[in-house]
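The domain 'Phosphoribosylformylglycinamidine synthase linker' annotation in TrEMBL covers D:15-53. Per TrEMBL, the feature ATP binding site maps to D:Tyr52, D:Lys91, D:Asp493, D:Gly530. Residues annotated as domain 'PurM-like N-terminal' in TrEMBL: D:74-188, D:436-554. The annotation Mg(2+) 1 binding site is assigned in TrEMBL to D:Glu93, D:Asn531. The substrate binding site feature in TrEMBL is assigned to D:Ser94, D:His95, D:Asn96, D:His97, D:Arg116, D:Gln240, D:Glu312, D:Ser313, D:Gln314, D:Ser533. Residues or ranges marked as active site, proton acceptor in TrEMBL: D:His95. Taken from TrEMBL, the feature Mg(2+) 2 binding site covers D:Asp117, D:Asp268. Taken from TrEMBL, the feature domain 'PurM-like C-terminal' covers D:202-355, D:568-705.
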Amino acid sequence: MKSAVIVFPGSNRDGDVMRALRQAGSQVEKVWHAETELPKGTDLVVLPGGFSYGDYLRCGAIAGRATVMDAVRAHAARGGLVLGICNGFQILCESGLLPGILMRNANLKFICHRQFLRVERNDTAFTRAYAKGQAIDVCVAHGEGNYTADTETLKRLESEGLVAFRYSDTNGHVTPDANRNGSMNSIAGIYSDKLNVLGMMPHPENLIEDLVGGTDGRGLFKSLVSSFAKAA
Amino acid sequence: MKARVTVTLKNGVLDPQGKAIEGALKSLGVDGIASVRQGKVFDIELGTADKSQAEASLKAACEKLLANTVIENYRVELT
Amino acid sequence: MKARVTVTLKNGVLDPQGKAIEGALKSLGVDGIASVRQGKVFDIELGTADKSQAEASLKAACEKLLANTVIENYRVELT
Amino acid sequence: MIRNDVAITPELVKEHGLKPDEYERFVKLIGRTPTITELGIVSAMWNEHCSYKSSRIHLRGLPTQAPWVIQGPGENAGVIDIGDGLACIFKMESHNHPSFIEPYQGATTGVGGILRDVFTMGARPIAALNFLRFGEPDHPKTRHLVSGVVAGIGGYGNSFGVPTVGGSVGFHPRYNGNILVNAMAVGLARTDEIFYAAATGVGNPIVYLGSKTGRDGIHGATMASAEFDDASEEKRPTVQVGDPFAEKLLLEACLELMKSGAVIAIQDMGAAGLTCSAVEMGAKGNLGVELDLDKVPTREEGMTAYEMMLSESQERMLMVLKPGMEKEAEAIFHKWGLDFAIIGKTTDTLRFVVKHHGEVMADLPIKELGDEAPLYDRPHLANTHQPTIAADTVKPPVSHAEALVKLVGSPDQCSKRWVWEQYDHLILGNTVQVPGGDAAVVRVEDGPKGLAMTTDVTPRYCEADPVEGGKQAVAEAWRNITAVGGLPLAITDNLNFGNPERPEVMGQFVGCLRGISEACRALDFPVVSGNVSLYNETNGQGILPTPAIGGVGVLDDVTVNASVAFKREEDALILIGETEGWLGQSIYLRDICGREEGAPPPVDLVAEKRNGDFVRQLIRSGQVDTVHDLSDGGLALALAEMTMASKIGAVVASAPEDLALHAFLFGEDQARYLLAVNPDEAADILYEAAEIGVPAMVVGVTGGDSLILPGGEAISIETLKAAHESWLPDYMAGKA
Ligand SMILES: Nc1ncnc2c1ncn2[C@@H]1O[C@H](COP(=O)(O)OP(=O)(O)O)[C@@H](O)[C@H]1O
Ligand SMILES: [Mg+2]
């Protein structure tokens, strides 16, 4: 599998996600935001975490309009896989690839902590390696992760099964306490209609080794790589 | 020429920041504030003296970047 | 009663946000924008109908929380 | 506009912070009356911050050498060799005063400045720490300051992309008018790719990089401009605003440029901006420097030479480039959207020449600006020793359990989670030990090495006895690194004190430095960088003497480390080190008895080294994985913290007979560690300890869901945790 990690000025978890992709067996290439095309044969586009353009104006707003995003949109329209993590999720929302928006955390503070997520479905390219309903231990690190959408959108996401992850306790129970940033319906990540674009606030790429906290994040990258092994 | 663009949240869009400010004002003992909604202003200097050209630039700036029209309204005033 | 508080950076204080927005507008091909400085607005509903009481509350809100008077100016308009 | 031919009056000299004799010294040095620009330049070079005029002679006594030291104090940051061709580059710096005026921006620019110091040398920052002291919680400003400073530190580090992995937060009324915000950065480079400030070669281009110059932080200028400004403008704030986004770009651009081989010398623009950086590059390289200010990228119109030379705008760098590489360098900077301008050249005149609009605004001897700065041996008074407080004169608590719960929930000892959860401490995926333990542990690249780092000092000890306090600060940093299994290698220090013109304060300074030096020597723990912050004083009341120590150590195999959380039930608890039950200056005495008095615990450096080396070897050999050093609050607090970090309780069945229980539990004797070990190993460990004269005894066993003290008083883990975790969030929410 071949992944393209897009680097915007201010991206800062590009290295972390590249490490996770490589560990799972993907080839990885960095792509500068000013490019107009993706590398040939790109299977997966990753928009990494960070503070693109300082997150000035609105998180992800300026990056969402970068040159390379046209190529990303075209890739998604062809059914190609796109993964946006944290700032990447914000960029996906700002660029129109995913609905809704990430607002300031409910306590108005940046929060960095370990967090369990409930995997809502395991029949997508991103989550095959997990069980449905499994609680996975990852971490969050964001100031604006409060997922907000209008009632219509929310209804559609729920009824079409487009919610990918919810903040949960260790047992996979979705509780108010587990939803520290105040997201609607405890949403931590969502899919596009065709399930080929995933945006999520938490960082699976930071939990891929026992030494630094655990390996629950690996499943996501393993799922991606294995879906290509199957396809090929 | 100068302009001020004001971007505010649409009615009905939740404003966690405004809510938190309301709370903070209460705990600071500032009375009489019923609700707060936060928005942004942009003070812009334009390179042109032509009013219609300026207005076109400002509209483009708002639509393309300054406002997220899904959740925000904007207003432009030339000053 | 309603009010709008506008908070802007004092002259000469660096505005990284404005700077980034300027750059982004240029690369988006929006012409004619010479400079951008970003500020905040607060749309406030007051619990009182008494003007002087409202003004006192608003002043307190600005001084205590809404504006960082070391680097920002604020303006209050009752609307 | 400030013209250059302004008459230099005594008032103007005074406004620039120069004493009459200092001004005379300068006039004699240059042989004429200076221009206003020159006055500005010398005021920047000769202020306390840049010239270290009160501290320099004392700093000379610090041990700065060791076989692994590549660069000691004097450069932007210290550099040590950690093996495998890798160097660790680190430094700590204060931003106390700006943070008191504007906590958010003061803290951001403090973090920005220290990160720049580290990447200026070619290192990629891999971790940040901070050392914070605030006034008493009840002081009306404290909450606002805590909130702003913490948000600022996070706001900058998180966006820049460095994990903030450790630090220290404390409260004391003596910081009511002067908070302490010390930031530390740690970076990594290859030993053969380190960059220095000294310029070489005549006629080489001097290049300005980064953000544009504005009128930020021009202190003297605000006053001066009131007289010389015809345009009446609003009084300009002297607060600088940090731009972490620009800094991140600057980091990437600098590292890319360094790889290209174009960089001869590099210096960041920190305090006194362009002046300090240009003078240092020239003076260190025995070269003159000529600057053409018409080329300097400015953000505001009509900036004068005076203003440009004194501006403290952030996120800027100065470089000497290899001639012929300008185009390549420019392309890299433009790619990152940053300003790039050739603003001058090196010369062989040893003069610092500043031109603006074709006129010479300053022409000064470059070396003398630094070398001939005033140097003071200020009078210092040794502190009178405080009496030793015998344990039997200190009241025991009504309930030891209650006392302990009170301590774990006190402002100084409570959990600082509320703080460090606002810092991204996990980015880069190398954080092996997160905040909350003894030292942070960060993996080096893909391993196997790791670095351990910590910031420490106990200001009340320093106040009571500067020499012992200085020693203790170093010993505690060394101990914290040891406790995770690290080999302590070197320190950076941040010496925060009051007004050096008062002999008692100078006495504290000299005493602390003596203690620091002694400890560094005894522990093989040299000083490789540091910072001095004096005049932390309001209305004649100085801060507690606070020489914060930032320590760094190495773990050859980062997977072999120890942490404070109990790992298993039924482990034997072994206390390493001598316990006399020293209660003078203890947290127990202060927070339970309301007495902040007495002599602090003496530091036996030989015992420190012996005990620490023993513990480290146990960790490295894999015999021990659970260690906590004993500091504030003694054995009881360490037990509580180890319990809270796990979900496993502990039982301490009895106290030594010759010791009062409260002295045993809360005494702050130094050089001690608490280990939790497999019971099968306990006998061996005790035997090994006895062999080399390390005091060691079994004091209890892990297990259960509460902490049971001698005599049977039990505290559930939940009770401890509730007290420990609630104080700070409640306080910040206005509830405490
Ligand atoms: N400002 C801070 N930033 C990050 N971590 C902090 C901060 N303050 C305290 N901590 C963490 O909390 C823990 C306890 O701090 P402290 O009581 O000072 O430790 P010790 O007594 O071991 O020196 C340490 O791990 C420290 O890293
Ligand atoms: Mg410790």
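Positions of Cβ are set from backbone N, Cα and C atoms, glycine also.
Recorded features from TrEMBL, shown on the structure.
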residue  : record                       : contacts (Cβ under 8 Å, 6+ apart)
D:Glu93  : Mg(2+) 1 binding site        : D:Gly110, D:Gly113, D:Ile114, D:Asp117, D:Asn182, D:Ala183, D:Met184, D:Asn494, D:Asn531
D:Ser94  : substrate binding site       : D:Gly110, D:Leu180, D:Val181, D:Asn182, D:Ala183, D:Asn494, D:Asn496, D:Asn531, D:Ser533
D:His95  : active site, proton acceptor : D:Gly106, D:Ala107, D:Thr109, D:Gly110, D:Gly113, D:Val181, D:Asn182, D:Ala183
D:Arg116 : substrate binding site       : D:Asn76, D:Glu247, D:Leu250, D:Asp268, D:Gly270, D:Glu315, D:Met317
D:Glu312 : substrate binding site       : D:Asp216, D:Gly217, D:Ile218, D:Gln240, D:Met269, D:Gly270, D:Ala271, D:Ala272, D:Gly273
D:Gln314 : substrate binding site       : D:Thr109, D:Gly112, D:Gly113, D:Ser211, D:Asp216, D:Gln240, D:Val241, D:Gly242, D:Asp243, D:Ala246, D:Glu247
D:Asp493 : ATP binding site             : D:Leu62, D:Met92, D:Ile516, D:Val527, D:Gly530, D:Asn531, D:Pro547, D:Ala548, D:Ile549, D:Gly550
Exercise. When you check the domain 'Phosphoribosylformylglycinamidine synthase linker' (D:15-53) against the domain 'PurM-like C-terminal' (D:568-705), do you get at least 3 Cβ pairs under 8 Å, counting only pairs 6 or more apart in sequence?
Worked result: no
For this session: Whole-number Å only: compute the distance from the Cα of D:Asn96 (substrate binding site) to the Cα of D:Tyr52 (ATP binding site).
Result: 17
Exercise. Taking D:74-188, D:436-554, D:568-705 as candidates, which has the most Cβ pairs under 8 Å with the domain 'PurM-like C-terminal' (D:202-355)?
Worked result: D:74-188
Seminar exercise, completed: If you count the other CB atoms within 10 A of the CB of D:Asp117 (Mg(2+) 2 binding site), including all protein chains displayed, you should get 28
Exercise. Using a Cβ-Cβ cut-off under 8 angstroms and a sequence gap of six or more, which residues of the chain neighbour D:Lys91 (ATP binding site)?
Worked result: D:Asn76, D:Ala77, D:Gly78, D:Ile114, D:Asp117, D:Val118, D:Met184, D:Ala185, D:Thr492, D:Ser529, D:Gly530, D:Asn531, D:Gly550
For this session: Give the sequence-ordered list of residues that share a chain with D:Tyr52 (ATP binding site), lie 6 or more positions from it, and have CB atoms under 8 Å from its CB.
Result: D:Leu59, D:Val532
Exercise. In the domain 'PurM-like C-terminal' (D:568-705), how many residues does DSSP call helix, how many strand, and how many coil?
Worked result: 53 helix, 23 strand, 62 coil
For this session: Write out, in the order they occur in the sequence, the residues of the chain not among D:Tyr52, D:Lys91, D:Asp493, D:Gly530 that have a C-beta within 8 Å of the mean position of the C-beta atoms of the recorded ATP site.
Result: D:Leu59, D:Pro73, D:Met92, D:Glu93, D:Thr492, D:Asn494, D:Leu495, D:Val527, D:Ser529, D:Asn531, D:Val532
Seminar exercise, completed: Greatest Cα separation in angstrom, residues D:Tyr52, D:Lys91, D:Asp493, D:Gly530 binding ATP per the record, works out to 17
Problem set entry | Secondary structure content, the domain 'PurM-like N-terminal' (D:74-188) (per DSSP, counts of residues) | 45 helix, 44 strand, 26 coil
Seminar exercise, completed: DSSP says D:Tyr52 (ATP binding site), in three-state terms, is coil
Seminar exercise, completed: Reading the DSSP string in three states, the entry for D:Asn531 (Mg(2+) 1 binding site) is strand
Problem set entry | Local confidence of the prediction over the domain 'PurM-like N-terminal' (D:74-188), expressed as mean pLDDT | 96
For this session: Please state whether DSSP places D:Glu312 (substrate binding site) in a helix, a strand or coil.
Result: coil
For this session: Report the member of D:Asn96, D:Asp268, D:Gly530, D:Asn531 (the binding-site residues) whose C-beta atom has the most other C-beta atoms within 10 angstroms.
Result: D:Asp268
Seminar exercise, completed: The correct three-state DSSP answer for D:Asp268 (Mg(2+) 2 binding site) is strand
